[in-house]
Amino acid sequence: MVQATPLLLVLSLALVAPSLSKEKCVLTGRWMNDLGSNMTIGALNGKGEFAGSYLTAVTATTNEIRVSPLQGSQQRTNGKSQPTFGFTVNWSFSDTTTVFTGQCFVDKDGKEILKTMWLLRSNVDFIKDDWKATRVGTNTFHRL
Ligand code: BTN
């Protein structure tokens, strides 16, 4: 008869091992993206929520760029090491809003990378202009 204890041990190791071997990707810290924009994300609270600041390198407006606040949340990790997340930047120098969603990865060299997609909503005066009010794009962030 097969012994239950060693079998249970092997089974539990098989379940736990993948999460033990993987490096964790952590959102908190300073990041720069492929456009040269800088972002700082603060500590996550117990619900995975965070706040931070964003200094964009580019703007769709003619306004002078200023540091802007961001607010977001990270999905429950459930033992996983590469969490998904989303955040909103409420631009302080323009009447637009950007939402980012993405995933925090650890690459083959052990470096953390945020792969994101964003929607930038501009303010338009007339509903007939709604069709042209949203831009979409991607950004990749590296830890500073
Ligand atoms: C605006 O121009 O109204 C506000 C600044 C928008 C900057 C956008 S958000 C998406 C993209 N990624 C960046 O780092 N900057 C641009």
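One-based numbering along the chain as shown.
Using N, Cα and C of the backbone, Cβ positions are placed for all residues, glycine too.
Keep in mind that TrEMBL annotations are predicted by a computer and have not been checked by a curator.
Fair warning: this is a prediction, and the values are worked out from it, not measured in the lab.
Annotated in TrEMBL:
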SIGNAL    1-21  signal peptide
DISULFID  CYS25-CYS104  disulfide bond
Sequence gap of 6 or more, C-beta under 8 Å: which same-chain residues meet both conditions with respect to CYS25 (disulfide bond)? SER81, GLN82, PRO83, CYS104, PHE105, VAL106, GLU112, ILE113
Just counting, how many other CB atoms are there within 10 A of the CB of CYS104 (disulfide bond)? 22
